[in-house]
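Q: There's a structure below that I have some questions on.
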Amino acid sequence: MGTSLYRSTLLSTGGFSVSDYIRKFTKNKPDVNNIQPNVGFCHQSTQTSQQVKEVISAELELQQPEVTLPNDPSSQHSPEAHTGASEPLKPVSAGESSKALQKAKEISVKSSEPTHVQTFAPAVHLEQIDVHNVPKQETNSLVAAPADAKCVIETMTKVEKDIALQQERALERADDSHVANKVFLKSIIPGQQLEKIEDPQQQAEVSLFVDEDSLEKSVPGQHLDKKMEVLQKQAKDLPVVDEDSLNLSAPGQRQLEEKVDVPEKAEKKIDEAHKKMEEVPRKDELCIEKPVIRHAGIKTQHEETMGMETTVPKHDESKCPTETYVEKTENKNADVTLESDKIMICAVSPQNTSLDEDEKSKAAPLRKVESTLLIIDDSPPLPAPFDHRIVSAKQVPINSYYAVNPVEVLGGGRFGQVHKCAELSSGLTLAAKIIKVRGMKERDEVKNEIGVMNQLNHVNLIQLYDAFESRTNLTLIMEYVEGGELFERIIDESYQLTELDAIVFTRQICEGVQYLHQQYILHLDLKPENILCVNSTGNQIKIIDFGLARKYRPREKLKVNFGTPEFLAPEVVNYDFVSFPTDMWSVGVITYMLLSGLSPFMGDNDAETMNNILHAKWEFDTEAFENVSEEAKDFISSLLVSAKCSRLSASGCMKHSWLNNLEDKAKMYKVRLKSQMMLQRYLVAHRQWKKHFYAVAAANRLKRFQQSRSISTPN
């Protein structure tokens, strides 16, 4: 019977010979010629894709069996060479199986893909440790078949001792396993020599893989059936051996690859198929934890560590390998939704946590600085709550459109009083300036003010909303400003008015005056009482009271004899022609008062005051200007000049160094600018939003990528 049946391969643990088992179990069984070998595929590492199947079929169709005669010296390897080659084996009888080694066939193994593993047992799914369920990353493992119970016990003892160390090194070995063992199984022919790994550890760990197509080509069916029946029974009794402990060492892998003999055409086709496989993006590059796809009878690494029980689940022999693969593919497709959800969580939640921590760390010193340093409000004022409009006086009762509160008085003067009111149709809060008129001259002056305000549309100038005319009064409905007069802040000793505050106020005044002069309008009554603060805490201002304003025409000589004495320009006192520099003198006086709280030309009476103005008798008070910068003094000196042509214009003031580089001045005075703080907060919020946007966009791309892969996966 030894001559009629092909000699089995030697399982190199303890000199065990499969031929003894073949004789034992096939002694009284008749040969069956028509039965085809039932060789199955076992899912050892991960699911097998259609491209992997194409690679395997290409290799099997194009490979040529390599026949080595038993007595050929070239097929023998030197036992002295420690290169992983096998020693020549001698044939043995039935009674001498444990003492003599038989001549076995030379086997060269080449796996078609790192994710595809074959085994003898078609109906057995070995238990695996799914460290990283990622394609193209699991290592090829060769499953050992122990010879007897003693070998099995020794192997399991070794596995249990090394399981803790294997858990720690699992991720490292998974990353280093990209260099796969590309080996394939050649046909088994009588007389060939069996490759044997001389490494002591590998002698107990090598397993053989038999390809169904190659067996059909090279082995008669009747003998193969008997042999496969024996091997199937033997495989059912085998315990599961840890996958990582059975990996071939790098030298052994290289020695096996040296034995590969594939035709050039087959190599080209295989390389092309491998390139197609490598074009698919690897999931391990996505840096995303993926849910473990669980199958019946398969434990995860954590479960195996906790339970330490290795059992081989029973397999229904009615199921063919193709059905098993389809079932696993369906399970993989079913878990795509869970995987996508996990991608969203991993891509957003951890990053959001890190972003929040970063923003908190950045915001902590910012809050500390805000609490210790003085904050200067340099933000520009908001525009009026209504659009600019052209207004004409209506000769209808004001009570039909507005509800005026006669008790709440906002201000007053020579013209009358200002009351708070509200529009009946919209509820908009406004201010009603009620001016008493006794004759046509006064009425014309008020209508002139309406005409001037119709031309003004600037954030630093008060806006006109509506106007009403009656027999005794003219009422102007204007924008409501609640902060009070700038003069009140100047004289308030409890209010801390710094030089930077004065810069902010002066710059806004110059901006408003510049706009007036661009419209060829002269205010002619600029003073702190006619400059209102938008609110009680901020530094935003609006210029009001255009009752004395005039339209400037260069060809017409304009003279005025009115105004507040201490703010009058020399040309007004002399009753000379007025022009744009007249307003700039008033700006210089206001700036002097903002920095010192004093009036530069104030005398004991109005006559002395105007005399000081005519002769330009003023100086910087030593005590008041002790801590004022030279730039501020130069700015004032450039405005309080007797000659009109020598004064700075509004545009020139805007270019002066004192009104610019506010950020540098804030650092020098160790204060904070509100606009700078708002800008920093905006930039921090914008960066945080941008990071969140990129995280969500990346998660969406990954989700679409997973969906496309699930659609392209064959069923």
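For all residues, glycine too, the Cβ spot is worked out from N, Cα and C.
Keep in mind that what you see is a predicted model, and the values were worked out from it rather than measured.
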Q: Just to be sure I read the record right: LEU410, GLY411, GLY412, GLY413, ARG414, PHE415, GLY416, GLN417, VAL418 are listed as binding ATP in Swiss-Prot. Which of LYS394, LYS433 is listed for the same site?
A: LYS433
Q: Across the domain 'Protein kinase' (404-659), what does the pLDDT come to on average, as a whole number?
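A: So the average pLDDT across the domain 'Protein kinase' (404-659) works out to 92.
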Q: Of the residues named as ATP binders, LEU410, GLY411, GLY412, GLY413, ARG414, PHE415, GLY416, GLN417, VAL418, LYS433, how far apart in Å are the Cα atoms of the most distant pair?
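A: 14 Å is the greatest Cα spacing among the residues binding ATP.
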Q: How long is the line from the C-alpha of GLY412 (ATP binding site) to the C-alpha of ASP525 (active site, proton acceptor), rounded to the nearest angstrom?
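A: Here the two Cα atoms are 15 Å apart.
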Q: Which one is closest to ASP525 (active site, proton acceptor) in space, judged by CA to CA distance, out of the binding-site residues LEU410, ARG414, GLY416, VAL418?
A: ARG414
Q: Where does GLY416 (ATP binding site) sit in the DSSP three-state scheme?
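A: In three-state terms, GLY416 (ATP binding site) counts as strand.
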Q: My understanding is the cutoff is Cβ-Cβ under 8 Å with a sequence separation of 6 or more in the same chain; which residues meet that for VAL418 (ATP binding site)?
A: VAL409, LEU410, GLY411, GLY412, ALA431, ALA432, LYS433, ILE434
